[in-house]
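Student: Okay, handing you the structure first.
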Amino acid sequence: MKSVGINGYGTIGKRVADAVSAQDDMKIVGVTKRSPDFEARMAVENGYDLYISVPERESSFEEAGIKVTGTADELLEKLDIVVDCTPEGIGAKNKEGTYEKMGLKAIFQGGEKHDQIGLSFNSFSNYNDVIGKDYARVVSCNTTGLCRTLNPINDLCGIKKVRAVMVRRGADPGQVKKGPINAIVPNPPTVPSHHGPDVQTVMYDLNITTMALLVPTTLMHQHNLMVELESSVSVDDIKEKLNETPRVLLLKAGEGLTSTAGFMEYAKDLGRSRNDLFEIGVWEESLNIVDGELYYMQAIHQESDVVPENVDAIRAMLEMENDPSKSIQKTNKAMGIL
């Protein structure tokens with residue numbers, strides 16, 4: 001049983017904590033928070049030992065009636081690996097300032113830059129390259145979504161080139177300081193966007209160009225893909241391959257799943273904690289091949305799709321499982337992923 005800690009119990013951190021707790025080969029030793037907010041209180045109520053990353057704030061936690069087990073440094077000393085879910089840019093500083101000095105393995109999130117971490121990870125793309133490594137970055141929610149569907153397509157028939165238009169949510173549901181509220185924003189306004197190069201950190205030789213927008217919604221990201229194929233296949237071949245791919249779901253618009261809102265309603269009906277959708281949803285009706293080019297649309301739940309990848313990264317880096325398919329299967333079974 002490997003000892004895991006979560007540095008940053010926020011949107012991703014709390015989900016990774018629950019995912020790790022669901023496994024039978026790893027356990028959560030503790031989680032960290034900076035402020036005595038509702039998430040800190042919920043962490044304790046959910047049975048996690050809480051460690052504070054700013055020791056000087058211990059009195060504010062005491063005043064709020066939130067039990068503190070110790071400091072973040074004390075937590076890190078107890079771990080085999082830490083999953084860093086701190087805000088963008090903080091993880092890289094933690095790597096250099098703390099983890100490397102302690103000799104502690106660490107997993108980072110997609111907000112960190114690939115060059116600062118040195119290695120990126122996706123369960124379906126480069127699991128074997130991360131086995132036994134000390135530091136790795138789980139690629140972003142958008143990149144994870146692209147890799148989930150492009151990998152099986154590449155395995156089936158090869159890919160010459162990918163062009164993707166990313167329609168990104170403006171903010172997470174709980175965020176009130178981001179937007180837009182009443183605009184469509186090219187983000188970035190330059191082409192290509194950073195998503196293509198991010199995919200190439202795990203699918204090394206893929207020819208991909210991306211462009212991205214921000215829109216006033218909070219539910220999900222939506223991708224529109226155009227994929228030039230190397231070999232001739234039918235739409236039915238693509239459907240069959242995606243159907244058998246873990247963490248990918250074919251959505252039927254004809255059954256009422258006509259939007260990201262419908263997809264999230266489906267998550268509620270599944271009884272998922274926090275309405276999470278770890279799977280990437282591909283609209284079956286959007287699948288089409290014209291002159292050797294595959295077209296399809298997909299939806300990504302930005303708050304949760306990277307969570308199972310964090311669990312797989314733990315197994316790879318701690319050399320708990322050398323077969324990616326076995327880790328994926330084990331993670332999925334424990335988390336109830338379709």
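Using the three backbone atoms N, Cα and C, a Cβ is placed for every residue, glycine included.
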Student: Quick check: of Gln302, Gln329, which does Swiss-Prot put in the same NAD(+) site as Thr11, Ile12, Gly111, Arg169?
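Tutor: For NAD(+), Swiss-Prot names Thr11, Ile12, Gly111, Arg169; of Gln302, Gln329, the listed one is Gln302.
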Student: Max CA to CA distance in Å over the D-glyceraldehyde 3-phosphate-binding set Ser140, Cys141, Asn142, His195, Gly196?
Tutor: 13
Student: Sequence order is fine: just name those binding-site residues in Thr11, Arg169, Gly196 with a Cα within 10 angstroms of Cys141 (active site, nucleophile).
Tutor: none
Student: Using C-alpha atoms only, work out the spacing between Gly111 (NAD(+) binding site) and Ser140 (D-glyceraldehyde 3-phosphate binding site) and round it to an integer in Å.
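Tutor: Pair distance, Cα basis, whole Å: 7 Å.
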Student: Could you say whether, by DSSP, Arg169 (NAD(+) binding site) belongs to a helix, a strand or a coil region?
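Tutor: Once the DSSP labels are grouped into three classes, Arg169 (NAD(+) binding site) ends up as strand.
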Student: On a C-alpha basis, identify the one among Thr11, Ile12, Arg169, Gln302 that is nearest to Asn142 (D-glyceraldehyde 3-phosphate binding site); the candidates are the binding-site residues.
Tutor: Gln302
Student: Measuring Cα to Cα, tell me the gap between Ile12 (NAD(+) binding site) and Ser140 (D-glyceraldehyde 3-phosphate binding site) in whole angstrom.
Tutor: 11
